[in-house]
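For reference, the structure is listed below as structure tokens.
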Amino acid sequence: MLNSLDLEGPPSSTRVVVAMSGGVDSSTTAALLKAEGYDVIGITLQLYDHGEATHRKGACCAGQDIHDARDVAERIGIPHYVLDYESRFRESVIDRFAESYALGETPVPCIECNRSVKFRDLLTTAQELGAQALATGHYVASRRQPDGSRAMVCAADADRDQSYFLFATTQDQLNHLRFPLGDMTKAQTRELARRFDLPVAEKHDSQDICFVPTGRYTDVIERMRPNAMLPGDIVDLRGRVLGHHQGIANFTVGQRRGIGIAASMPLYVVALDAASRQVIVGPRAALRKNLITLRDINWIGDGTFDDVAREGRDLYIKVRSTRPPQPAHLRMNGDHCEVELFAGEEGVSPGQACVFYDAPTGQARVLGGGFITHASNNSDRAGTHHLALRAAI
């Protein structure tokens, strides 16, 4: 007989490791599982130097958070351990974050953290401790499939859904992960935290980017990849120089404010060319793209990705976490994966994720996704756009 986590055996004989960040979500997850009778162990990861971030409001995984996680564990009566993952986090997340900006991309470090640190290394640690599952406080859900595997679905609370940041979870990882808050709203989570008398019940939610102590991500990039802060030209779609900038890392595709160019119409950042250190600007209409090329595909839907991509498939995609899924068609074009958006999308930037869903609303199933390398329009293949723009997008 399966317990509430879809595992064999009673809760009392089921060990679960909970990733405790010190926030209300993971703390409530631990308290809920403990109340249900599971053998719960709390683990908090020390991911970076907490000196400057310890007292910054909204920081995640900072020094105070470690103390909060320890206090919660003591309150609910579970063992709690702090693991030093700073070197792993720097290599897997911070270094890649800085390098991505240096290449003119807009990275999403939370995805890499979930994939490479929390769900890979921490899951291994949980299994070494004899745990049958690793539980987190993410707002996403999973469902048991007829063959015993797990399917990831969007959270019941659409405003809190974090599936965009979890698309890179592998099928093997997903089979061992549990998300107890996936069918709850944030309000329900806080109410549970109050009911459990948790000291973090009213704590503010964490904000990205956790490892930027000052809140200025360019400080990290300037220190680690100074070439990304070298000056260059701001040009229009025809290549005409309109002005100058102090580093491409200060810009992202879709940006309007802070360009520093006076023009008769609003100008937006349309592309970044790291090789020439050019920031390419244009009207808003130039932001809309309907063809996206992807790398590093992760597929967690039915069947294999090779079969799906070879035959082509209609699905729904997100290119930003705050946007609703848009209808699109997935296919292979030669040796690379393409997604064609039926209605197009604005501000598609290399480095961001393109996440696949099987439905546009509700608790849609997450099918996987990939990272964006290029965004264009079908007409670009005919050479109708400025060469520098085509090379950069």
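Note that the numbers count up from 1, one per residue, in the order the chain is shown.
The backbone N, Cα and C atoms fix where each Cβ goes, glycine too.
Listed by Swiss-Prot as binding ATP are A19, M20, S21, G22, G23, V24, D25, S26, L45; the candidate from G130, G137, G148 that the record includes in that site is G137.
Counting only the Cα atoms, the space from L45 (ATP binding site) to C210 (disulfide bond) is about 13 angstrom. Across the structure, D25 (ATP binding site) and H138 (site 'Interaction with tRNA') are spaced 7 Å apart at their Cα atoms.
Take the CB of A19 (ATP binding site) and look out to 10 A: across all protein chains shown you find 24 other CB atoms. The secondary structure of A19 (ATP binding site), as reduced to three states from DSSP, is extended strand. Between the C-alpha atoms of Q352 (site 'Interaction with tRNA') and S21 (ATP binding site), the distance comes to 25 Å.
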